[in-house]
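*Asks:* Below are the features listed in Swiss-Prot for this protein:
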{"type": "BINDING", "residues": "R71, T72, R121, H151, Q154, G280, P281", "note": "carbamoyl phosphate binding site"}
{"type": "BINDING", "residues": "K99, R184, R239", "note": "L-aspartate binding site"}
Amino acid sequence: MPKTFANPQLTKNGELKHLLSIEGLSRDILTDVLDTAQQFVSVSDSDREVKKVPLLRGKSVFNLFFENSTRTRTTFEIAAKRLSADVINLNINASSTSKGESLLDTINNLSAMQADMFVVRHASSGAPYLIAEHVAPHVHVINAGDGRHAHPTQGLLDMFTIRHYKKDFSNLTVAIVGDILHSRVARSDIHALTTLGCAEVRAIGPRTLLPGGLEHMGVRVFHNMEEGLKGVDVVIMLRLQNERMSGALLPSAQEYFKAYGLTQDRLALAKPDAIVMHPGPMNRGVEIDSAVADGVQSVILNQVTFGIAVRMAVMGIVAGNND
């Protein structure tokens, strides 16, 4: 009889206690996060006098970012504070890890300070899993991006954005364009889209920037930008992750833009009501033209806004589930 492995993200009852990856989560769990996030959108409403709810009052949330981040770290901090948590942002460059202390020693010391939740971004794939294996049962871990592996909250906020504008996934064609090989966002988006029943997921990019096995994930692969964009409902652009590249995978940024940059002419090949997304940071003139990034079909800034509600939902859900 084959051995089965428990999902480390779930309690014995199948509830979400950590968010480490979208892979392995059910449609019901993803939908629950999106539905809960919808309820939190009103908390961030500009007309609301007090933008707080007491869900995490008395809880301590540690943001541990071992890689630089602006949007993700800031939106996690805002999300935790709107849930009334105490938030501690650890300055990793000045911390003991830069002096040789191991990752688990750091976690154990912070746990001794009564941490209730760790939000972790790390250059090593699997680091949040390692932390989740070693924390106390009442402590929760959220992956804010680990190496090339996963960025589950970005994937969820992308799904929230798509659902907000398109309502239903079952008739959608979504194109993910660019450096998919090095993109943890692309992996999370693909798993989320297929789990939520998206009709067709496309990957567009040069052969050097597309990983093997995409077809086995149910993804249609295109190397020609124009062909890949025909009739799509959603375009998700990705930046070139030069910091993760080894060797010359591309001739130049200018040549890349000529072949794969999203211009208004190329966007016209998609459906007239197609939306344009980007997880940021954008490289204008490399993967996207400013006229498109700032155009009427762009929902890029809305993604950032929705990210707060989605991260509030994730934190609120995991905090309520213990073995």
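FYI, residue positions are counted from 1 along the chain as it appears here.
Backbone N, Cα and C atoms are what each Cβ position is placed from, and that goes for glycine too.
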*Asks:* If you count CB neighbours within 10 Å, which one among the binding-site residues G280, P281 has the smallest count?
*Replies:* P281
*Asks:* Neighbour count, 10 Å Cβ-Cβ cut-off, for R121 (carbamoyl phosphate binding site): what number do you get?
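*Replies:* Step by step: centre on the Cβ of R121 (carbamoyl phosphate binding site), count other Cβ atoms within 10 Å, giving 24.
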*Asks:* With H, G and I counted as helix, E and B as strand and the rest as coil, say where DSSP puts H151 (carbamoyl phosphate binding site).
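*Replies:* In three-state terms, H151 (carbamoyl phosphate binding site) counts as coil.
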*Asks:* Taking the centroid of the Cβ atoms of R71, T72, R121, H151, Q154, G280, P281 (carbamoyl phosphate site), which other same-chain residues have Cβ within 8 Å of it?
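*Replies:* Going along the sequence, the neighbours appear as S69, T70, A144, G145, V185, P279.
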*Asks:* Rounded to the nearest angstrom, how far is the Cα of R239 (L-aspartate binding site) from the Cα of P281 (carbamoyl phosphate binding site)?
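*Replies:* Counting only the Cα atoms, the answer is 7 Å.
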*Asks:* How many whole Å apart are the CA atoms of H151 (carbamoyl phosphate binding site) and R184 (L-aspartate binding site)?
*Replies:* 6
*Asks:* If you measure C-alpha to C-alpha, which of T72, R121, Q154 (binding-site residues) come within 10 angstroms of R184 (L-aspartate binding site)?
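*Replies:* So the list is Q154.
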*Asks:* Say you check the Cα of R239 (L-aspartate binding site) against those of the binding-site residues T72, R121, Q154, G280; which is nearest?
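*Replies:* So, of the listed binding-site residues, the one sitting closest to R239 (L-aspartate binding site) is G280.
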*Asks:* Using CB atoms and a 10 A radius, I'd like the single residue among the binding-site residues R71, R184, R239 with the highest neighbour count.
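*Replies:* It comes out as R184.
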*Asks:* Return the count of C-beta atoms lying within 10 angstroms of the C-beta of Q154 (carbamoyl phosphate binding site), excluding that atom itself.
*Replies:* 27
*Asks:* Give the maximum pairwise CA distance in Å, whole number, for the residues R71, T72, R121, H151, Q154, G280, P281 listed as binding carbamoyl phosphate.
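*Replies:* Farthest Cα pair among residues binding carbamoyl phosphate: 16 Å.
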